[in-house]
Amino acid sequence: MLDSFKEDPKLRKLLFSGHFGLEKENIRVTSDGKLALTPHPAIFGPKEDNPYIKTDFSESQIEMITPVTDSIDSVYEWLENLHNIVSLRSENELLWPSSNPPILPAEEDIPIAEYKTPDSPDRKYREHLAKGYGKKIQLLSGIHYNFSFPEALIDGLYDKISLPEESKQDFKNRLYLKVAKYFMKNRWLLIYLTGASPVYLADFSKTKHDESLPDGSSALRDGISLRNSNAGYKNKEALYVDYNSFDAYISSISNYIEAGKIESMREFYNPIRLKNAHTDQTVESLAEHGVEYLEIRSIDLNPLESNGISKDELAFIHLFLIKGLLSEDRELCSNNQQLADENENNIALNGLAQPALKNCDNEEISVVEAGLLELNKMSDFIQSLRPEDTKLQAIIEKQKERLLHPEKTIAAQVKQQVTKEGYVDFHLNQAKTYMEETEALAYKLIGAEDMELSTQIIWKDAIARGIKVDVLDRAENFLRFQKGDHVEYVKQASKTSKDNYVSVLMMENKVVTKLVLAEHDIRVPFGDSFSDQALALEAFSLFEDKQIVVKPKSTNYGWGISIFKNKFTLEDYQEALNIAFSYDSSVIIEEFIPGDEFRFLVINDKVEAVLKRVPANVTGDGIHTVRELVEEKNTDPLRGTDHLKPLEKIRTGPEETLMLSMQNLSWDSIPKAEEIIYLRENSNVSTGGDSIDYTEEMDDYFKEIAIRATQVLDAKICGVDIIVPRETIDRDKHAIIELNFNPAMHMHCFPYQGEKKKIGDKILDFLFE
């Protein structure tokens with residue numbers, strides 16, 4: 001078969017691609033390492049309805065399922081995002097990073113997963129497992145690696161090497177069966193290289209290979225994976241299926257079901273399964289539709305990786321499957337599954353001692369010799385078909401190092417750390433570290449960092465609910481959400497089907513906004529609008545002794561705004577006009593309302609969040625210049641540009657320069673220690689301001705005003721900016737200065753100070769109510 005790829009550049013490229021999907025199980029635990037007995041987090045909805053986040057056997061055993069992707073990078077990003085979403089939504093709990101369980105309660109207290117109805121088939125199946133195998137063994141967790149070759153690759157090979165009168169599906173079945181056969185023979189190598197469950201609590205399992213660790217936990221003396229050993233999660237007795245043909249494979253499983261050995265194909269706990277995408281997953285469905293992908297079930301959770309698996313491990317497994325496709329039939333044992341099982345168990349229980357294996361002729365061969373034989377073949381086909389790919393060769397070299405030096409295996413490293421720290425403490429420390437890493441980047445959707453932060457937030461919240469998300473226009477932050485037959489189109493997180501087009505036009509035009517609000521007795525600042533800069537300049541005498549705001553007529557985010565609270569010159573006024581007219585063809589000059597500016601986020605006639613916005617500022621230290629202080633403050637990892645992070649970097653543009661000049665300062669001025677220097681008069685977070693949550697503290701009086709303003713304009717998702725007087729006695733002197741039809745949500749979700757609000761959830765509730 002190798003020659004087919006050497007002769008065809010297109011097939012060579014396709015060989016190293018594929019379709020990938022991952023399923024990962026983690027147990028939810030309390031902060032002291034005990035099985036969490038809380039229900040599955042409600043935000044994820046019914047398990048039957050969420051395609052991404054379900055439970056495995058136990059209510060406490062969460063399962064994350066990626067969609068099928070076309071690269072290892074993208075499937076890894078999906079898994080990372082799901083892990084982060086689940087971690088952040090599992091309040092006061094952690095995700096246990098090991099395949100072997102945490103501290104467990106009595107068998108009868110381990111909760112089986114709950115479903116919509118007590119007689120759900122999923123519930124009944126789990127009750128069957130609990131009765132047949134016990135609950136504790138069901139809590140062994142791991143990763144399932146789903147893979148299929150590109151259809152174009154199958155087509156190309158079918159044209160070249162199919163048998164006479166062989167249908168394409170029969171050919172496809174034969175190829176996948178061949179890969180599965182290679183996997184079954186050589187899976188011991190995969191367990192040696194990826195196994196990560198050699199340690200466990202003493203009351204969970206006992207084998208003749210046990211040794212006690214200092215904390216009282218147990219370890220396989222030279223073992224690699226309890227989960228993949230005979231003491232792990234296996235069928236009650238060995239089930240050998242016939243890999244010589246697809247029909248024989250189907251017949252084998254059917255016979256075991258008819259004999260009552262297993263209830264259904266779901267209970268066939270083979271390390272690799274042939275599957276199709278039909279949801280019933282019955283043997284009859286597989287027989288009818290044929291093989292569509294392979295499911296590898298023997299991958300342990302790697303406690304040394306926050307995601308439970310590394311990209312290199314994913315890439316190596318892919319190479320392992322490619323090797324199966326390229327293998328010659330003579331390389332495969334003639335259906336000697338018992339020998340393959342013995343090799344698997346031997347490595348799982350004794351792999352670090354590198355015991356001798358049995359080859360197809362039942363002769364002993366060293367682990368190193370057998371492993372290097374396969375790894376060298378992988379290296380050879382990479383060199384032959386993809387010589388420029390040094391990364392893949394490096395992955396193979398890493399596996400060789402583990403083979404030659406057992407102490408470098410994942411299992412050996414885990415055992416060493418557990419011996420040092422203790423079983424529970426090590427895994428808890430890992431879980432806490434991973435949680436801290438997740439929390440530090442909680443605002444982020446991996447792989448969507450180029451999109452606005454508010455878009456990333458609502459996308460993550462949609463995933464949590466099992467809502468399908470399609471990116472329609474990445475540059476425009478335009479998404480489609482689908483839950484069942486319900487479809488919603490959303491742009492920039494808050495432009496939705498609930499918007500009234502005329503309402504948007506009114507809010508876009510600040511003059512119209514003020515007129516309409518004033519007509520409904522809602523207080524707004526008085527002022528004039530100008531479309532001619534010369535006429536606006538001539539009006540200087542009307543404003544020179546007043547506190548004023550100069551701003552563009554139709555912009556958001558505080559761009560182009562200048563505020564004069566103190567005496568200003570004609571030159572200052574002219575510069576403010578220059579700035580405002582650079583953003584719009586018309587500007588507004590209006591009275592300045594004293595007080596503090598607050599953003600009220602109103603969704604469907606309810607104030608969901610209130611934010612106090614502090615203008616962009618720096619605090620002096622008596623040493624550094626204003627410019628240097630700005631540069632230092634901008635190094636905060638939570639500050640970015642273009643709404644990609646919770647806070648915006650402070651700019652050093654004309655608006656900030658003007659603000660400094662109004663204070664008789666420049667960028668080279670050195671403020672005194674603890675002296676606060678404001679770089680902006682307007683307090684928009686979008687221009688570098690700081691955000692402080694005030695939702696609970698805000699007087700309901702002003703919340704009602706915000707709601708009334710949105711009702712006047714028939715705005716359903718709206719940011720209302722209100723100047724609130726500092727003295728309660730003056731509250732009637734408030735004023736609405738702006739209504740925003742596309743309010744940013746990220747500043748409420750991740751404020752500089754105060755409680756984080758789940759605004760994405762609120763918008764999704766509104767859209768899918």
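Each residue, glycine too, has its Cβ placed from N, Cα and C.
Note that the coordinates shown come from a computational prediction; the quantities given were computed from them, not determined experimentally.
Sequence annotations record features per position, and here Swiss-Prot assigns ATP binding site to 541-599 based on sequence analysis. Within the same chain, residues at least 6 positions away in sequence whose Cβ sits under 8 Å from that of ILE589 (ATP binding site) are GLY527, ASP528, SER529, PHE530, ALA536, ALA539, PHE543, ILE548, VAL549, VAL550.
The annotation Mn(2+) 1 binding site is assigned in Swiss-Prot to ASP721, GLU738. Reduced to three states, the DSSP call for GLU738 (Mn(2+) 1 binding site) is strand.
As annotated by Swiss-Prot, Mg(2+) 1 binding site applies to ASP721, GLU738. Less than 8 angstroms from the CB of GLU738 (Mn(2+) 1 binding site) sit LYS510, THR513, GLY719, VAL720, ASP721, each of them six or more residues away in the same chain.
A 10 Å cutoff on Cβ-Cβ distances gives ASN740 (Mn(2+) 2 binding site) a total of 20 other Cβ atoms nearby, all chains included. Taken from Swiss-Prot, the feature Mn(2+) 2 binding site covers GLU738, ASN740, and the record attributes it to sequence analysis.
The annotation Mg(2+) 2 binding site is assigned in Swiss-Prot to GLU738, ASN740 on the grounds of sequence analysis.
What Swiss-Prot lists as domain 'ATP-grasp' is 514-768, and the listing cites sequence analysis.
For 1-347, the entry in Swiss-Prot reads region 'Glutamate--cysteine ligase'. Mean pLDDT of the predicted structure over the region 'Glutamate--cysteine ligase' (1-347): 95.
Rounded to the nearest whole angstrom, the C-alpha distance between PHE581 (ATP binding site) and ASN740 (Mn(2+) 2 binding site) is 20.
Secondary structure at TYR573 (ATP binding site), as computed by DSSP, is helix. In the three-state DSSP scheme, LYS565 (ATP binding site) is classed as coil.
Rounded to a whole value, the Cα-Cα separation of TYR573 (ATP binding site) and ASN740 (Mn(2+) 2 binding site) is 26 Å. A gap of 24 Å separates the Cα atoms of LYS565 (ATP binding site) and ASN740 (Mn(2+) 2 binding site). Reported as a whole number, the C-alpha separation between SER541 (ATP binding site) and ASN740 (Mn(2+) 2 binding site) equals 31 Å. Rounded to a whole number, the C-alpha distance linking GLU597 (ATP binding site) with ASN740 (Mn(2+) 2 binding site) is 14 angstrom. The Cβ of SER541 has fewer other Cβ atoms within 10 Å than any other of the binding-site residues SER541, LYS565, ASP721.
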